[in-house]
Amino acid sequence: YLVNPAGYAALGAYMFLLILIGSPVNFLTLYVTLEHKKLRTPLNYILLNLAVADLFMVLGGFTTTMYTSMHGYSVLGRLGCILEGFFATLGGEIALWSLVVLAIERWIVVCKPISNFRFTEDHAIMGLAFSWVMALACAVPPLVGWSRYIPEGMQCSCGVDYYTRAEGFNNESFVIYMFIVHFLIPLSVIFFCYGRLLCAVKEAAAAQQESETTQRPEKEVTRMVVIMVIAFLVCCLPNASVAWWIFCNQGSDFGPIFMTLPSFFAKSAAIYNPMIYICMNKQFRHCMI
């Protein structure tokens, strides 16, 4: 054991809790939306995509991590490590790029940079395809030799190798690519869209261009999406910051707990999206009841 066995027991219990909550709430989101036709709107397609991404993380990654935490090391071997790292990365990236699509949708609908534009089912499907292509562009390269998935922290979960400069894997170039293309760029797009959105909402309120009844539904949807983005940042920024620090300070003395806690905290992302959606979407709650 790299740390006290009680630490592994705590991680195992934490992962069990995430599975216990994450599986039913995400399945509930999928079931209720697919069961009720009035919930099958273009915007909800993207929210369904978030639920699918969360299920990838819960079923493909968390179950493996819980099992290895109970044993105190990567007991499933190289293949198990690769699968866990792949599903965790894929699910996290689908969620991030889905938030990008949601941000762009909110910007176009509220700010109207393109006159007479309606976000239709075709646009939603294009957004879904885009989020999957970008997520696969991040999760697949370590499977084929550009970087690799290795045990990290307390050795009971796996992720991209930003710890070493192992020969033949080009870890440095992949980590830089991942941070720029799959972290900084999507965050920049999200911040741009919500920056413009905030300005537009203030201008509309000041000029009273629209009635309160017209503005209210858009405000509620926008508020829900903004809270999802904030929750994502709270969960994932610590993990990304620690990963970048380790990458830039390879060889420095840092313990397994320092590497593990932000990573496991980020995994809670799999339960907050559906809970925000359920709590803040009145129409969904009515259909659920």
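Glycine residues also receive a Cβ, built from the backbone N, Cα and C atoms like all the rest.
Feature annotation from Swiss-Prot assigns topological domain 'Extracellular' to 1-7 (among others); the stated evidence is a curator's inference.
Within the chain carrying the transmembrane segment (8-32), a Cβ under 8 angstroms from the stretch's Cβ atoms is held by residues 1, 39, 47-48, 51-52, 54-55, 57-59, 62-63, 65-66, 69-72, 154, 156, 260, 264, 267-268, 270-271, 274-275, 277-278, 284, 287-288, all 6 or more beyond its ends. The annotation transmembrane segment is assigned in Swiss-Prot to 8-32 (among others) on the grounds of similarity to another entry.
The topological domain 'Cytoplasmic' annotation in Swiss-Prot covers 33-44 (among others) and is backed by a curator's inference. Note: the topological domain 'Cytoplasmic' (33-44) comprises 9 helix, 0 strand, 3 coil (DSSP; helix = H, G, I, strand = E, B).
Within the chain, the transmembrane segment (45-67) has long-range Cβ neighbours (under 8 A, six or more residues past its boundaries) at 11-12, 15-16, 18-19, 22-23, 26-27, 29-30, 33-34, 75-76, 80, 83-84, 86-88, 90-92, 94-95, 98-99, 101-102, 105, 121, 124-125, 127-128, 131, 135, 156-157, 228, 267, 269-271, 273-274, 277. If you look up Swiss-Prot, you'll see 45-67 (among others) marked as transmembrane segment.
According to Swiss-Prot, the topological domain 'Extracellular' annotation covers 68-81 (among others). Here the topological domain 'Extracellular' (68-81) has Cβ contacts under 8 Å with residues 1, 5, 8-9, 11-12, 15, 149-151, 155-158 of the same chain, all six or more residues outside its ends.
Counting only residues at least six positions away in the same chain, the Cβ atoms of SER74, CYS81, ILE82, GLU84, GLY85, ALA88, TYR149, ILE150, PRO151, GLU152 sit under 8 Å from the Cβ of CYS158 (disulfide bond). Feature annotation from Swiss-Prot assigns disulfide bond to CYS81-CYS158; the stated evidence is sequence analysis.
Residues or ranges marked as transmembrane segment by Swiss-Prot on the basis of similarity to another entry: 82-104 (among others).
Nonlocal intrachain contacts for the topological domain 'Cytoplasmic' (105-123), taken as residues 6+ away from its ends with a CB within less than 8 angstroms of a stretch CB, comprise 42-43, 45-46, 193-194, 196-197, 200-201, 218, 221-222, 225. Per Swiss-Prot, the feature topological domain 'Cytoplasmic' maps to 105-123 (among others); the stated evidence is a curator's inference.
Per Swiss-Prot, transmembrane segment is recorded for 124-144 (among others), and the stated evidence type is similarity to another entry.
Packing against the topological domain 'Extracellular' (145-173) from elsewhere in the chain are residues 2-3, 7-8, 11, 61, 65, 68-69, 71-74, 81-82, 84-86, 88-89, 243-244, 246-247, 250, 256-260, 263-264: each is 6 or more residues past its ends and has a CB under 8 Å from a CB in it. Residues or ranges marked as topological domain 'Extracellular' by Swiss-Prot on the basis of a curator's inference: 145-173 (among others).
Neighbours of ASN171 (N-linked glycosylation site), defined as other CB atoms within 10 A of its CB across all chains, total 23. According to Swiss-Prot, the N-linked glycosylation site annotation covers ASN171, on the basis of sequence analysis.
Feature annotation from Swiss-Prot assigns transmembrane segment to 174-195 (among others); the stated evidence is similarity to another entry. Beyond the transmembrane segment (174-195), the same-chain residues lying 6 or more positions past its ends with a Cβ under 8 Å from any Cβ of the stretch are 93, 96-97, 99-100, 103-104, 106-107, 134, 137-138, 141-142, 146-147, 160, 162, 226, 229, 233, 240, 244, 247.
Among the features that Swiss-Prot reports, topological domain 'Cytoplasmic' is placed at 196-223 (among others).
Here Swiss-Prot flags 224-245 (among others) as transmembrane segment, drawing on similarity to another entry.
Taken from Swiss-Prot, the feature topological domain 'Extracellular' applies to 246-257 (among others), supported by a curator's inference. Here the topological domain 'Extracellular' (246-257) has Cβ contacts under 8 Å with residues 2-3, 7, 153-155, 162-165, 175 of the same chain, all six or more residues outside its ends.
Residues or ranges marked as transmembrane segment by Swiss-Prot on the basis of similarity to another entry: 258-279 (among others).
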At a C-beta cut-off of under 8 Å, are there same-chain residues at least 6 beyond the topological domain 'Cytoplasmic' (33-44) that contact it? List them, or none.
102, 105, 119-121, 123-124, 221, 283-284, 287
For the topological domain 'Extracellular' (145-173), the number of residues DSSP places in helix, strand and coil
3 helix, 8 strand, 18 coil
Nonlocal residues around LYS267 (N6-(retinylidene)lysine), in sequence order (Cβ under 8 Å, 6 or more apart):
MET15, LEU18, MET57, GLY61, PHE62, THR65, ALA88
